[in-house]
Amino acid sequence: MNYIGAHVSSSGGLEKAVFRAFQIKATTFSFFTKNQRQWISLPLQKKNIEDFKKACIKYNFSPEKILPHSSYLINLGHPIDFFLEKSRVAFIDEIVRCDQLGLRFLNFHPGSHLNKISEVTCLSRISESINIALEKTKNVVAVIENTAGQGTNIGYRFEHLYEIIKKIDDKSRIGVCIDTCHLFASGYDLRTKIDYESTFNKFFDLIEMKYLKGFHLNDSKKQFNSRVDRHENLGLGEIGKSVFKWIIKNKNFHNIPMILETINPKLWEKEIDWLRSLQ
């Protein structure tokens, strides 16, 4: 079975995210567990947690198939110690929130070197940050998202993801989420069956299947290898629709949450219906 959904708003309460996912006929979803534009948020109250869990039961969402996203403020490879520590504290808080909500995963962007340290040093800082967070928390798997390589963001090569994972102490709590727009923008082609197979062969040459915990299914507004992160609705961008058919039909990817972050939410239900029809 494919679990297909979108990144929905949690405005008005976390339980509202569950209902919004239900409205678009999703079987999974992504959301922010706190205001992603703020470093510090009030702790989750008992009622917040209970309302969210009740909504998941009511609308038939399995907590281990939900893929929440961390704040974009967090930079686990920050070159300045003050901001690195701030990011680490915020990351730990987000993992704790996921655990309180009964969720298994936390998806996050690895970080950026800001042209102040080398990529190698940045990757080491990211691994160290994850190790610190995992040591201070429990249960939740930290899921690294590949990036488009825009600006000074790290994580745009499979080798980057491999190097991060290699240094993680508790490998049962680390995973990867593949964003198709980011793949395409960072130089991994997906437009033909040969290119799609070549890209995923390169991925699995470095990273075992067991680490793949999620997909972000997005077309790209920008051209191949642009290193620019601009999502587009499926089939309306530079990638085209074919790759999404191949991903959905790949039995190795069944039971993995697949999240739309396409730019027009009004099309999400239609996109979910189309993806589901391919199963």
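Just so it is clear, glycine is given a Cβ too, placed from its N, Cα and C backbone atoms.
Summarising the annotation, Swiss-Prot assigns Zn(2+) 1 binding site to His69, His109, Glu145 and lists sequence analysis as the type of evidence. DSSP assigns His69 (Zn(2+) 1 binding site) to a strand in the three-state reduction. Around His69 (Zn(2+) 1 binding site), the C-beta neighbours below 8 angstroms that are at least 6 residues distant in the chain are His7, Ser30, Phe31, Phe32, Gln36, Leu106, Asn107, Phe108.
Positions annotated as Zn(2+) 2 binding site by Swiss-Prot: Glu145, Asp179, His216, Glu261. Its own atom aside, the Cβ of Asp179 (Zn(2+) 2 binding site) has 25 Cβ atoms within 10 angstroms in the protein chains shown.
The Zn(2+) 3 binding site feature in Swiss-Prot is assigned to His182, Asp229, His231. For Asp229 (Zn(2+) 3 binding site), the count of additional Cβ atoms within 10 Å of its Cβ stands at 22 [all protein chains shown].
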Cβ neighbour count (within 10 Å, all chains shown) around His231 (Zn(2+) 3 binding site): 23
Number of Cβ atoms other than its own within 10 Å, given for Glu261 (Zn(2+) 2 binding site): 16
Candidates His109, Glu145, His216 (binding-site residues) with Cα within 10 Å of His182 (Zn(2+) 3 binding site): Glu145, His216
Cα separation, Asp179 (Zn(2+) 2 binding site) to Glu145 (Zn(2+) 1 binding site) (Å, whole number): 7
